[in-house]
Each structure stands twice: as C-alpha cells, then as structure tokens.
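TrEMBL has this to say about the protein:
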- C89: active site, nucleophile (ACT_SITE)
- H198: active site, charge relay system (ACT_SITE)
- E200: active site, charge relay system (ACT_SITE)
- G58, E59, S60, R121, I152, R153: L-glutamine binding site (BINDING)
Amino acid sequence: MTQEQQEQKQIRVGVLALQGAFAEHIILLNTLPQVSEAVAVRNAEEISKIDALVIPGGESTTMALIAERSGFWPALQAFVRTHPTWGTCAGLILLSECITSGGTLKGDQKLLGGLGISIKRNAFGTQKESFEAGLHVEGLEDAKRLFPGVFIRAPVIDEILKPEEVEVVAKLEQDYGKTPKGTIVAVKQGHLLGSAFHPELTHDNRMHLFFVKMALDWIAKHQK
C-alpha cells in the first residue's frame, strides 16, 4: 500500500481471474470509496501489486489446476498466508483445510488452506437446487437488514477445526432441503474470510464492504 493510500484509507484489491465469477466482484468492489482500484489477477506479477485478494465462485478444481500448471500456485499460496483474502463458494473451498463428503475425507482437491475448517462440497445438490436465503451476517453494516445469500451448488462448513481461532459470521436461518437451520455458511479467521454464497451476484455491496474494512484493519495492525 502506498503512503497516499494509507492517508486516504484505500486499498487495491485483486480478484483471482483464472475462472469463475470474477468480473462481478470487480464491479461491486469498484463501488466502494475504500477501494482505490479493483483489478483482475492471473499471475505472480499482478498479485504482487495488490493489498487484498478475492477468490471467486466457479470450479475450485479448475482454478487450482490452472494456477498449478501456470506456475502461479506458490505465489498465490504465499499471498493467502500473509494478506487479507476472501473466498466465496469455490474460493471458500480453496481456503479450507480439508474437504469431506458424507463424513469421508476427499484427497483429490489441491487446497490453499488457511481457514481452520472442513468443507462439504455441493451440499445443497445440483444447480437446479440453487436458492436465495436471507442471512444475518455478524458485523455487517445495517445488520438488521438481511443479506441476500445466493447459493449455487454451494458448499457448507461442516466442521470448525480451530474453534479458538475461527469466528462464525453467518448461519442458515432455516432448513433448505436436507441442510438444517444453523448450518455455518460464513466464517472469519484473522486475515481470512470465507462465505459459501455468492455476494457478487446481488446488488448489495455490504459483504464487499465488510471484507474491505476487515482488510484495512488488518493491514493497519500488521503491515506498518
């Protein structure tokens, strides 16, 4: 972050643009006065020029393969370990420590890790079972107004592996199919944020504001 950005309390946010809904994130981020610029990130050079990162929804396996085959994976993983990063849907999967399916560990997915959680992929079924759910998100601006959580072939957080470090910020308010009320759909841990839903597919920028303010706070405390 430049001295000018520090004074203006602005950051430059990158959105991983290997695959998935990255353009929608960029549009919403650019509506925020705290963001000097939101840009697409596809390689190590581009990620070195940002302050915070969003990993969008899409196909987590495809994103990991592209990053690995292009040689981008080490730089991406190093950034996630030391800089504010938000994973949505597929991005949440990539930030998790492990994936379960019906209680069985799955080892066929390369993960960035960082969030002390385990994930169940496609917890709500196929794309036909997509839905929107009103969510209370802890710490969100105008918190009394429900956030429109868009769930598309979404994962859920089935276990908190580090309860002393991971903060739950959103749960389902009611049952959806076989997924019960109270299922965790968003968490925060240090400089990392993860959500199972797609905030970029709404006109509500409060989740993006939540992440940017979280990133600014973390940067102010840790990157002097």
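Glycine is treated like the rest: Cβ placed from N, Cα and C.
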Separation of alpha carbons, the residue listed as 'active site, nucleophile' and S60 (L-glutamine binding site) (Å): 9
Candidates C89, H198, E200 (active-site residues) with Cα within 10 Å of R121 (L-glutamine binding site): C89
Chain-mates of G58, E59, S60, R121, I152, R153 with C-beta within 8 Å of site centroid, L-glutamine: G20, G57, C89, A90, I93, N122, A154, P155
Long-range Cβ environment of E59 (L-glutamine binding site), under 8 Å and at least 6 residues apart: Q19, G20, A90
Most Cβ neighbours inside 10 Å, all chains, among the recorded positions C89, I152: C89
